[in-house]
Amino acid sequence: MAESSAVTQFPSVSSSSSGAEPSAPGGGGGSPGACPALGAKSCGSSCADSFVSSYSSQPVSIFSTSQVHDLIFWRDVKKTGFVFGTTLIVLLSLAAFSVISVVSYLILALLSVTISFRVYKSVIQAVQKSEEGHPFKAYLDLDITLSSEAFHNYVNAAMVHVNRALKLIIRLFLVEDLVDSLKLAVFMWLMTYVGAVFNGITLLILGELLVFSVPIVYEKYKTQIDHYIGIARDQTKSIVEKIQAKLPGIAKKKAE
């Protein structure tokens, strides 16, 4: 039983370095990630089918912390450039056109690519008289349904942040801490001037530029930036302490 349970664990993507014995002919008992000794077309089809069947029942994680970190720090220049360029073009399009027009053009562009590729592969298969099948079969067979367990996990994770945000809002608007509420008031006052100059799409474009530029700049000049941030933090802390000392009730609360 121990051996059979070990076999049913998640499949390994590559088994070239393992010393596993080959499966019996026609048995199909080998590793799902390994291609059998077949022709190139059969090998590609077998690998795609085994990949889909192995991972279709597992919940798909779209993003992870490490992937986002690698993305904004330009670890893979091609991938980051593609994401950055695509999102920037979409935001610039939204700034010039309506949402309906942008979404319609994006769907038309995607359909143009997929339909053209589908027709191209069909013509190639007809000329070469091959039976490779649908070019997107591996993706069509992929199970992308969201299980109830995964849905509840996402909802529970989101509820933690929602409850934290609600608690913070109540603290600020009901003035649990006078200094924090004053900070929010000053920030909102400054945002009125920002809103008079920029609209929402412009702020999103600036935010994207900052997200894809500030982390890499900070990584290169970390020492100098930390030095100036420390100076600014110390000065801000001293100013806040002076304000707290002059406000009624704050000094008394600290003394207690």
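Here the Cβ of each residue, glycine as well, is placed from N, Cα and C on the backbone.
As annotated by TrEMBL, compositional bias 'Polar residues' applies to 1-10.
Residues or ranges marked as region 'Disordered' by TrEMBL: 1-31.
The compositional bias 'Low complexity' annotation in TrEMBL covers 11-24.
The domain 'Reticulon' annotation in TrEMBL covers 68-256.
The feature transmembrane segment is assigned by TrEMBL to 82-111 (among others). Long-range contacts of the transmembrane segment (82-111) within the same chain: residues 71, 201-202, 204-205, 208-209, 212, each at least 6 residues beyond the stretch ends and with a Cβ under 8 Å from a Cβ of the stretch.
Through the fold, the transmembrane segment (196-218) approaches residues 72-74, 80, 84, 87-88, 91-92, 94-95, 225 of its own chain, all at least 6 residues removed from its boundaries and within a Cβ separation under 8 Å. Residues or ranges marked as transmembrane segment by TrEMBL: 196-218 (among others).
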